[in-house]
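Chemist: There's a structure below that I have some questions on.
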Amino acid sequence: MEKLIAHLKSQGFIFQGSEIYGGLANSWDYGPLGVEVKNKLKQAWWNHFVRKNPYNIGLDSSIILNSSVWKASGHIDGFNDPLIDCKKCNSRWRADKLIEEFNSEINAGVMTENQMEEFIKEQNIKCPKCQACDFTQIRKFALMFKTNQGVLEDESSSVYLRPETAQGIFINFKNAQRSLRKKLPFGIGQIGKSFRNEITPGNFIFRTREFEQMELEFFFNPSDEKDWFSYWLNEVETFLQDKIQINKENYRVRSHEKDELAHYSTATSDIEFKFPFGWGELWGVAHRGNFDLNAHQEASKQDLTYLDPTTNQKVLPHVIEPSVGVERMMLAILWQAYHEEDLGEGNSRIVMKLPYNLAPYQIAVMPLQKQQNDQALALYSNLLNNFDVTYDETGNVGKRYRRQDAIGTPFVITVDFDTPETNSVTVRERDSMEQVRINLDELETYLKAKF
Ligand code: ATP
């Protein structure tokens, strides 16, 4: 992981947040190349789950919502983590995570606070920082960031930064359904920032306090016999395998046991990824019943039911929610892509084997020598019309190839001595390092077929 972090920094993918001021704990900034990958990932998700899905539409709701939303959704009263302090060094921990790190077979999410306290005592679990076995009692730690809106700083002006994008979708269910005259079943997708005051953020970009989510709330009539849960779980796997090329052996699907399920949920599955520090949740797919719409209907006193045009009956739709974090997905993608390769004869390279559709640049154009600069620049400008292209004329060819490998550029085109006479260039593929000679008249067709 440390090598990956250093590589991503040196190549302009991810920088430490607020670095020139000594940093801000667990905040990360996306550099010129990181933002390209992030945008392409979001675009791929949006295409698959919104634009190209026959049922779904999109939304972009506010980060700050009326606080009644969070009261109704249960976040104000119930969105907290079990906080425990080490009496010796005063460091703070999430009790459930301490237990799960002590024994990964245990699911502390189903334990009560008392059970967790007893377990920590009985097993003599040590403070990861100072190794003492002396903890305080567990306290509930609220995860929502609170702030004030407007000039008054009292309770009436208290607002929260959203801890998930989902509630913005639920409160707009009726607006979206009516304005687009949608019939059930249909889904609403949203991509946006969420904030959680996590007790123990860490593992690079796996758990941060500010992050982005890509969430879909799929609404259907509970009398609909189709198994929509399996349908969406399947779509999630299709996306992972076909759209962003996550290897099958790097992820697994874990169904929640009955006692692990939220009280309103009849099924939840986590897609877990094999991160460098072990298996961790990447994507959650949850059957939420009508819990959220019902809560908002009761609290807002608005009719949020859907009138079924065939039966003329009012129904409160049920919901399947696939929810994934952009940065967690980035970590999975970047980790899977990072390769150190020994090329023999003392040569080696670091290559980011990113899926072609997520690489910051699709193509690099370079002249072999100065004499070809003009022709290479002309080709670069031409290709910019249809591809994401970069241009590189500094250093020897070998170095330039390594540079493009290090940032994951799938194809490097070299303009050389023979180009003017033969009207052809060399195209080198990143992973195989194979080079082919392509006629300039066929170049665009050749490249388009590759993407
Ligand atoms: P965890 O158990 O890891 O805290 P969660 O079950 O609370 O996650 P959800 O509330 O289901 O997570 O959020 C949906 C998705 O949002 C997660 O699968 C994850 O990809 C992402 N996510 C949640 N919290 C964070 C965070 N602090 N940093 C980055 N991504 C996050």
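A Cβ is built for glycine as well, from the same backbone N, Cα and C atoms used for every other residue.
Feature table excerpt (TrEMBL):
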BINDING   ARG94, GLU164, PHE211, GLU212, GLN213, MET214, GLU215, GLU321, PRO322, SER323, VAL324, GLY325  substrate binding site
DOMAIN    123-355  domain 'Aminoacyl-transfer RNA synthetases class-II family profile'
BINDING   196-198, 206-211, 281-282, 325-328  ATP binding site
Chemist: Please work out the mean pLDDT for the residues of the domain 'Aminoacyl-transfer RNA synthetases class-II family profile' (123-355).
Modeler: 95
Chemist: Can you tell me the CA-to-CA distance separating GLN213 (substrate binding site) and ARG196 (ATP binding site), as a whole number of Å?
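Modeler: Cα-Cα distance, GLN213 (substrate binding site) to ARG196 (ATP binding site): 12 Å.
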Chemist: Round to the nearest Å and give the CA-to-CA distance linking GLU198 (ATP binding site) with ARG94 (substrate binding site).
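Modeler: The Cα atom of GLU198 (ATP binding site) is 9 Å away from the Cα atom of ARG94 (substrate binding site).
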Chemist: If you draw a 10 Å sphere on the Cβ of ARG196 (ATP binding site), how many other Cβ atoms land inside?
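Modeler: Here the count is 20.
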Chemist: Given PRO322 (substrate binding site) and LEU282 (ATP binding site), what distance in Å do their CA atoms have, once rounded to a whole number?
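Modeler: PRO322 (substrate binding site) to LEU282 (ATP binding site), Cα-Cα distance: 11 Å.
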Chemist: Counting every protein chain present, what is the number of Cβ atoms, excluding its own, within 10 Å of the Cβ of GLU215 (substrate binding site)?
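Modeler: Within a 10 Å radius of the Cβ of GLU215 (substrate binding site) lie 25 other Cβ atoms.
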Chemist: Compare all C-alpha positions of ARG94, GLU164, PHE211, GLU212, GLN213, MET214, GLU215, GLU321, PRO322, SER323, VAL324, GLY325, the record's substrate binders, and send over the largest distance in angstrom.
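Modeler: The span, Cα to Cα at its widest, is 26 Å.
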Chemist: Taking 10 A as the limit, how many CB atoms besides its own sit near the CB of GLN213 (substrate binding site)?
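Modeler: Looking across every protein chain shown, the total is 20.
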Chemist: Would you kindly give the Cα-Cα distance separating PHE211 (substrate binding site) and VAL326 (ATP binding site), rounded to the nearest Å?
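Modeler: Between the alpha carbons of VAL326 (ATP binding site) and PHE211 (substrate binding site) there are 7 Å.
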